[in-house]
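Have a look at the structure below, then the notes.
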Amino acid sequence: MQLKAKEELLRNMELGLIPDQEIRQLIRVELEKRLQWGYKETHEEQLSQLLDLVHSLKGMKMATEMENLDLKLYEAPMEFLKIQHGSNMKQSAGYYTDESTTLDEAEIAMLDLYMERAQIKDGQSVLDLGCGLGAVALFGANKFKKCQFTGVTSSVEQKDYIEGKCKELKLTNVKVLLADITTYETEERFDRIFAVELIEHMKNYQLLLKKISEWMKDDGLLFVEHVCHKTLAYHYEPVDAEDWYTNYIFPAGTLTLSSASMLLYFQDDVSVVNQWTLSGKHYSRSHEEWLKNMDKNIVEFKEIMRSITKTEKEAIKLLNFWRIFCMCGAELFGYKNGEEWMLTHLLFKKK
């Protein structure tokens, strides 16, 4: 596919000229190419590939290219996010116990699972790094009234939303700090720390975990959730010149996808207590539910897009960007029945 043809494909997708099933098939083609690129003939080669990336990350800054993250993803209108997500406004995977589980139920089930695996108990001090719209902090603070939750976000809109929800829910045990995690410093020490889908935009996990360990009490625990591939780890960069998919959502340099085992190579300042993996089917289904929510409310969705863009064409492109985002996530995490790309949970203690 020549550059001109790739640009035309993306333009037609964003204008809604390509059917969903065709887009999904194009995504699956790119996913298969990624696996062909990543899987090696011998275990020796496979391990060498992983360790090469581990060693290179240890020589990098904590995070790079953060300023290039697409604002469409991280500064989306609150009215839109309320349409897309469930009642807990969880911007990551839900936990689906069976086929009848709703999006709201899946959000609650996953948040309950976080609390259980992080061993949250009343009276603890809890830090939520990269707290997003506060799903973890708000849920935890409502369930554990004697805990004090501190959320850290770099988004003014997210901070305002969480503080508004605290007033609505009459929660006095949540505070939100506006800060960049890579430069954030505090003298406070916490019983528990959450890092849910934070490391994906980091590079040097060694520096990150060292920094986090300094905020942990001696008997504190760190709970991490991150998306992963079961074997492969790689920077999110195109496989070849024809790859339209890789940098469509995440610009080059802004995302590194870890393997399920990758953080085990970064135990200088923390040591793993436990690890779990969750089938990619959970995240795939969350993306499908988000897409359904958008399509069920398409008229309202279009009006929101029109309110933040200058032209009708830009509104259509933004609408289809979000639809394609959901299809990309659904296909990635659903690929091969959720047994390639998935989620992992890790619990660390301080060394």
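Each Cβ is built from the backbone N, Cα and C atoms, and glycine gets one as well.
Feature annotations, courtesy of Swiss-Prot:
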type     : residues                : note
BINDING  : 91-92, 126-134, 153-158 : S-adenosyl-L-methionine binding site
ACT_SITE : C326                    : active site
Least Cβ-packed of the recorded positions L127, L133, C326 (other Cβ atoms within 10 Å) is C326
Using DSSP, would you call L127 (S-adenosyl-L-methionine binding site) helix, strand or coil? strand
Report, in whole Å, the straight Cα-to-Cα distance of C326 (active site) from G130 (S-adenosyl-L-methionine binding site). 21
L127 (S-adenosyl-L-methionine binding site) and C326 (active site), compared by Cα position, are separated in whole Å by 29
Given the binding-site residues Q91, E157, and counting only Cβ atoms in the protein chains shown, which has the most within 10 Å of its Cβ? Q91
How far is it from C326 (active site) to E157 (S-adenosyl-L-methionine binding site), counting Cα to Cα, in Å? 22
Quick check on the binding-site residues: of G130, S154, whose CB has the lowest count of neighbouring CB atoms inside 10 Å? S154
